[in-house]
Amino acid sequence: MIKNDTIAAIATPPGEGSIAIVRISGPEAIQITDKIFSGSVPSFASHTAHLGIVNHKDRQIDQVLLLIMRAPRSFTGEDVIELQCHGGYFSCSQILEALVSEGARPALPGEFSQRAFLNGKIDLIQAEAIQNIIAADNLDAFFIAQNHFQGHFSKKIQLISSLIVESLAFIEVLADFPEEEQPDMDVPKQRLNEAMLIIEDLISSFDEGQRLAQGTSIVLAGHPNVGKSSLLNALTNKNRAIVTDIPGTTRDILEENWTLQGKRIRLIDSAGQRETDNLVEQEGIERAISAMEQSEGILWVMDATQPPPSLPEILFQKPSLLLWNKSDLASPPQLDTSLPQLAISAKTGEGIFELKQFIQKWMQQQQLGKNAKVFLVSSRHHTILQQMRSYLLSAKEGLLAQLPPELIALELRQALQATGNLSGSEVNETILGEIFSRFCIGK
């Protein structure tokens, strides 16, 4: 499966910018680049930079900075050269065209990362993390992906694998030498229990990992016509929600992604809570209640010009903040409650800065102790770990029931293969192709 040709691609996004990078990797990377670069590329030491001119067909294309990384001390494990040229479309595209005309092949999406995987520089978990780092649209998603790329998830899988191998060795002694004195079965039982604890911890992190990667959900709730939609617009600086003086205007869930200090938040505007005979509005209210139940926090909006309303019980079951909107029209009353309260005006902007500070502190408190934890965010990883758990549970039950060792060994081998499906050592070409095809060209 390892390819021996030399590939090239533009590694930076298209469009205007100060610099662009053209990357080339493979056994002929140095020789091909030498044909278009003004210096003697074969004489350059690894991990050095050289200023020069790219020429092709008697035409000077651009002045570039050449970085050379000789195999195996490179990202792909092959000879790699990066040419840093002026930004924009034409310089990098002309350099790529020159490299291809001299023998390089245009790289496929993710092919540089795929070569790094095939050459043992990274495992499949780390390769997938590269794409997640690139695609991250908030800090939580970025740091989860960085955690995977740094190998923390892979180390857990390696530990699980070693525990399974140790258990399997004991079981295979039973199968191969049934007449001999039997080893102590407490050892494989203990090793399987240790592996199961790690697997359960990883599986249980999936929902939280998804939430962190996709963003914290905060619901704007309250009675009709208190300014929930106006607040959504004020926080996001968009006219996203329809604002009228007619109660019950919002009848469905309206969600808007919002980034606050690098943290992604899913702000959810919901239907006003009241008694109504309108079936459509009733459905909206039911959806609002469901959204509050599933959210990580609630902003309960109230009208400062109206008497204090009763508070629903759900506000005391999860992080909640009481907001007295329209404080530009009246001084808000103070409710006798343990919940924090804040006066704001979605119309004038009063209190919005303080509200953002409160939400930021809120999220920092939720984040405590999570930075070093490995979170699952991939459905592929989650599914394989569930399969692994099933195999190990069957093996444990087989040990307790004293089933034939061959049957127990079969379950352990399947669990061991599942660890290979995660790391990539047991993955076929079709799956690898599907995974790396999601990458951008040049990575």
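Including glycine, each Cβ sits where the backbone N, Cα and C put it.
Close to LYS121 ((6S)-5-formyl-5,6,7,8-tetrahydrofolate binding site) in the fold, though at least 6 residues off in sequence, lie PRO72, PHE75, THR76, GLY77, each with a CB less than 8 Å from its CB. The secondary structure of LYS121 ((6S)-5-formyl-5,6,7,8-tetrahydrofolate binding site), as reduced to three states from DSSP, is coil rather than helix or strand. Marked as (6S)-5-formyl-5,6,7,8-tetrahydrofolate binding site by Swiss-Prot on the basis of sequence analysis: ARG23, GLU82, LYS121, LYS443.
All protein chains shown were included, and the count of other CB atoms within 10 Å of the CB of LYS228 (GTP binding site) stands at 31. Swiss-Prot lists 225-230, 244-250, 269-272 with the feature GTP binding site.
As annotated by Swiss-Prot, K(+) binding site applies to ASN225, THR244, ILE246, THR249, with the evidence given as sequence analysis. Mapped onto three states, the DSSP output places ASN225 (GTP binding site) in coil.
Residues annotated as Mg(2+) binding site in Swiss-Prot: SER229, THR250.
Sequence annotations record features per position, and here Swiss-Prot assigns domain 'TrmE-type G' to 215-364.
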Report the same-chain neighbours of LYS443 ((6S)-5-formyl-5,6,7,8-tetrahydrofolate binding site): residues 6+ apart in sequence with Cβ closer than 8 Å to its Cβ, ordered by sequence. ALA11, PRO109, GLY110, PHE112, SER113, ILE130, GLN131, ILE134
Record-annotated (6S)-5-formyl-5,6,7,8-tetrahydrofolate contacts ARG23, GLU82, LYS121, LYS443; largest Cα to Cα distance in whole Å is 18
Going by C-alpha positions, which of the binding-site residues (ARG23, GLU82, ALA271) is nearest SER229 (Mg(2+) binding site)? ALA271
Secondary structure at ALA271 (GTP binding site), reduced by DSSP to three states: coil
If you count Cβ atoms within 10 Å of the Cβ of ASN225 (GTP binding site), leaving out that atom itself, what do you get? 19
